[in-house]
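Novice: These came from TrEMBL, pasted as-is:
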type     : residues : note
ACT_SITE : ASP245   : active site, proton acceptor
ACT_SITE : LYS267   : active site, proton donor
DOMAIN   : 119-143  : domain 'Siroheme synthase central'
DOMAIN   : 148-193  : domain 'Sirohaem synthase dimerisation'
DOMAIN   : 215-425  : domain 'Tetrapyrrole methylase'
Amino acid sequence: MGELNTFPVSYKVQGQRIVIIGGGEEALNKARLVSKTTALVVIVSRNIEADFSELPVTVLARPFEDADLVDAALVFVADHGPDGDAAKRAARARRIPLNVVDVPEECDFYTPSIIDRAPVTIAVATEGDAPVLARLIRARIEAALSPNLGALAKLAGSMRDKVAALLPGTRARRYYEELVTSPEVEVALLRGQGAVKAESLLAQHGAEGDSPGVVWLIGAGPGAEDLLTLRAQRLLQEADVIVHDHLVPAAAVEMGRRDAERILVGKQKGHHSFTQAEINALIVRLGKAGKRVARLKGGDPMVFGRAGEEIDALKAAGIAYHIVPGVTSALAAAADTATPVTLRRISTGFVLATAHGAESEELKHWAALASTGLTLALYMGKSVAGPTAARLIAEGASANIPVGVVVRAGRKDRVLYRGTLGTLASGTIELEDGPAIIFVGEAIAHGDWSEAIELASSEFKVA
Ligand code: SAH
């Protein structure tokens, strides 16, 4: 269940009346708003005080009559006397949606702030909670939108039949995308050449035939929607299909087009997830079908993201692909804790490694790196954190090397732990749920881990 108590719709009023009861400023404000429509706007009041002469409205300076509501699509009451009361009763009896100005309890609907680029309308509504905020948002959107937006929308509308006859679904959408975003079309429109340009663009799209599919391997960052790159955001909007992992933030998946297909391919512990071979086959099949596929991965796609296998499969099938980097979780963890992973005279390098399934040889190698000051970031290592630390010590790393763990890096609900290789090795650790990065190295001591839970504390059962 959602949280909205109201639902925005575009309500037809053409050929009908919008009736406003009242003759003061409030009535004038509503009249201004609704006279943007093609409805017949009628003002009814015994006391016409405001100046309606600038607006295309009909003013009836007399008491309200029930018949005023014949063919009315909407009724506004801005009269707190008997005429207002009579109009409210009449509107309810006729089941005409009613707005009683400044009395939210009596309203069937509210009026949003409107950005009018007819036929394009953008409505900003706050369910009456913060009209001032709605106006500020409106001003920002106004500033960002071309004044030609309406003309552009009309142009797109005028091409509908021709496009439908020439181009199938996906290709039609690409045509419209180019039509409404191309600067050349906008220039042509200003010169009164919009229709000619729209036609020539259509001919071009018609001649091109089916465009081949493409797969974008996109990094979605560590889980905060504002750590997504602008490029990722743009490509998500263009994608026909979004294939995503479990760790990808829902907000990023939401960013795609509403009608884009979304496929969750795992990987969550304990749930069925696609095998890597199935994922490879899926993106190849979609690419062959001419789809534009956003393959969204947590963090950066090239870091423990199985991107290598997916790229090989795409290459073998001759499908175009591009990589869009993302913020890898170790760097989000470094940011969360103000830890410089390289630091003059302390740490001359930064190693991304996985503790999962690490062999003795690798552990020996990392122990040597950590001993020379390099910062290790261990991925997928939470469940084996203690044993991994113990093995690093056994391979010669000092038990005093600082360790820091960030669970859910980059997110508001992150949790930090700090200690040393020794304290990590000695505890039967129950770290919080969620993905974690384990840092090992002297540079950790130079970060800000003041919120961190101490690994040595009694919260951990020492084995
Ligand atoms: N491509 C991803 C890594 C995928 S492997 C990236 O660049 O971040 C999955 C591992 O990444 C997890 O086991 C965990 O170690 C790490 N990880 C992913 N998201 C994380 C997050 N928000 N916080 C901490 N670690 C995370």
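Any Cβ shown, glycine's included, is placed from N, Cα and C.
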Novice: Taking residues 6+ outside the domain 'Siroheme synthase central' (119-143), which of them lie with a CB under 8 Å of any CB in it?
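Specialist: Answer is 4-6, 8, 10, 104, 110, 112-113, 149-150, 153-154, 157.
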Novice: Please compute the mean pLDDT of the model over the domain 'Siroheme synthase central' (119-143).
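Specialist: That stretch averages a pLDDT of 88.
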Novice: Over all shown protein chains, what is the count of other CB atoms within 10 A of the CB belonging to the residue listed as 'active site, proton acceptor'?
Specialist: 23
Novice: With DSSP as the reference, give the number of residues of the domain 'Sirohaem synthase dimerisation' (148-193) in helix, strand and coil.
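Specialist: DSSP classes over the domain 'Sirohaem synthase dimerisation' (148-193) add up to 38 helix, 0 strand, 8 coil.
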Novice: What does DSSP say about ASP245 (active site, proton acceptor): helix, strand or coil?
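Specialist: In three-state terms, ASP245 (active site, proton acceptor) counts as coil.
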